[in-house]
Amino acid sequence: MAETSGTNTKGSGPDAGKFVKLLTANYYRINAFILSMVPNAADAEDMMQETSEIMWQKFDEFEEGTDFAAWGVTIAKFRILNFRKSKQNQTAQLSEEALRLIESETDSMSEELDARLDALRACLSRLDEKDRQFIKLRYSPGATARSVAEVIGTSVHRVYRSVARINSMLLRCIRRRLTTEGVV
């Protein structure tokens, strides 16, 4: 049974803030699943919107502490099956078995991506402050090697060398972590 902590303390229904926070944090995984199952981008966008609406309507049934993305993917899966049944006469569709295979592959890819992002975050946190700030500056929106060189007062060549050195350190660190965790 769903925990009441998914609802607000006034008992007037689901906690919108909690729902928005969970949906925002898990949107990419749910949408990636939908995009893998629905080839038309406009249909996939509609499907994500409808899935989000159903998730909100059923949010009081969500068990806090369980995997919100998996719950959303399950809702999306049923919504997609209904969508496919209504569209059956329009185009050739994938079989149920093919859909299950794609779903399984999408799940494992999503887990691997999460592991890679976790490893990147951990490796970034292990950089010394100077290198971490340098990477933030270099990869900030609109930044170029030239703009970074101007900001820190060095040559473009030195910026490229520093980025290559730091990226190499990060890559080695990420590979070590993923190997240790058995991801690669």
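Using the three backbone atoms N, Cα and C, a Cβ is placed for every residue, glycine included.
Remember, it's a predicted structure, so these values are computed and weren't measured experimentally.
Over in TrEMBL, the protein carries these features:
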| type | residues | note |
| --- | --- | --- |
| DOMAIN | 24-88 | domain 'RNA polymerase sigma-70 region 2' |
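Under DSSP, the residues of the domain 'RNA polymerase sigma-70 region 2' (24-88) split into helix, strand and coil as follows: 54 helix, 0 strand, 11 coil. Confidence for the domain 'RNA polymerase sigma-70 region 2' (24-88), expressed as mean pLDDT, is 90.
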